[in-house]
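Input: a single structure, listed below in structure tokens.
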Amino acid sequence: MDLFQATILGIVQGLTEVLPISSSAHLILIPTFLKWPESGITFDVALHLGTFIALCLYFWRDLIELASDFFTGMADWKHQPTSRRLPFYIIAGTFPAAIVGKLFETTIEELFRKSPSLIALFLIVFALLLAFADTSGSKKWKIEAITLKSAIIIGLAQCLALIPGVSRSGITITAALLLGFNREAAARFSFLLSLPIVAGAALFELSGLLKTGIPPSDVAPLLIGIATSAVFGYISVAFLLKMVQRSSLYPFVWYRIAIGCLALVFINFG
């Protein structure tokens, strides 16, 4: 992989991992259309690490508060307000995707990586679901109103993100909106819920990478991938959280539909 490809894929990962438009779909479809070689596990680790760094940098205050709430909540659970229980709900919401990912991620990835038409269809189908969620429901709840039940439901929805074209942030935001949370709360909880999963994915892939080693020729592309995905991931988080305070998610809906339709045309007639 050359530095140009590493830069483009790093930018794509940074933007699409955070925005509700599916990073896996873009990272499969773009190299397919441009006839680039597969990036491989080494570069996947770099991209995940970059977006993980971006999320940690943006939410560092939240993470410190969550750590404090975790130990406080353990000491006196019954008398803690709901907001202090948030770290436990994030952990509970992480379990479904962690278990399903451990059991089926490789099978699902191999199945859908060879089916770009299905990926394009999922981009469209789950765009319509996001549109429905964005226009229905009360949307009155803030993140402090999260409960164990709602955290687990959103966590179960996150399992669908293993399918390329669904989008981790897209499906968790959709689930939260359908449960009555406002857009900002849905987006913020989606990002916080993604941190353990993104970290776990990076560590899991890194463990395999350490066994094989990193070829010297891959070092520069890896560093470029980490840097670009981190920078654009940070920008994307800031952009989305500001956007949801004043407008709907329909720009992402139309984008997903457009990309899905263009991909189907290219695949079938290109």
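Glycine residues also receive a Cβ, built from the backbone N, Cα and C atoms like all the rest.
According to Swiss-Prot, the feature transmembrane segment maps to 14-34 (among others), an assignment based on sequence analysis. Panel annotation: around the transmembrane segment (14-34), residues 8, 47, 50-51, 54-55, 109, 112-113, 116, 119-120, 122-123, 126, 130, 164-170, 173-174, 191, 198, 228-237, 239-240, 249, 252, 255-256, 259, 263, 266, 270 of the same chain, lying at least six beyond its termini, place a Cβ under 8 Å from a Cβ of the stretch.
Beyond its flanks by at least six residues, the transmembrane segment (40-60) meets 1, 6, 9-10, 13-14, 17-18, 27, 191-192, 194-195, 198-199, 201-202, 205-206, 208-209, 214, 218, 221-223, 225-234, 236-238 of its own chain at Cβ-Cβ distances under 8 Å. As annotated by Swiss-Prot, transmembrane segment applies to 40-60 (among others), with the evidence given as sequence analysis.
Here Swiss-Prot flags 88-108 (among others) as transmembrane segment. Remote same-chain residues near the transmembrane segment (88-108) are listed as 66, 70, 73, 146-148, 150-152, 154-156, 158-159, 161-163, 189, 192-193, 195-197, 200-201 (criterion: CB distance under 8 Å, separation of at least six residues from the stretch ends).
According to Swiss-Prot, the feature transmembrane segment maps to 117-137 (among others).
The annotation transmembrane segment is assigned in Swiss-Prot to 146-166 (among others).
Among the features that Swiss-Prot reports, transmembrane segment is placed at 189-209 (among others), with the record citing sequence analysis. Long-range contacts of the transmembrane segment (189-209) within the same chain, counting only residues at least 6 positions beyond its ends with a Cβ under 8 Å from a Cβ of the stretch, are 17-18, 41-42, 44-45, 48-49, 51-52, 55-56, 58-59, 62-63, 66, 86, 90-91, 93-94, 97-98, 101, 143, 146, 151, 154-155, 158, 168-169, 172-173, 176, 181, 237.
Residues of the same chain lying 6 or more positions beyond the ends of the transmembrane segment (221-241) and with a Cβ under 8 Å from any Cβ of it are 1-3, 5-7, 9-11, 13-15, 17-19, 42-43, 46-47, 49-51, 53-55, 57-59, 169, 184, 187-188, 191, 214. The transmembrane segment annotation in Swiss-Prot covers 221-241 (among others), and the record cites sequence analysis as its basis.
The transmembrane segment annotation in Swiss-Prot covers 249-269 (among others). Sequence-distant neighbours of the transmembrane segment (249-269) (same chain, 6+ residues past either end, Cβ-Cβ under 8 Å): 19-22, 25, 29, 33, 116-117, 119-124, 126-128, 130-131, 134, 165, 170, 173, 183.
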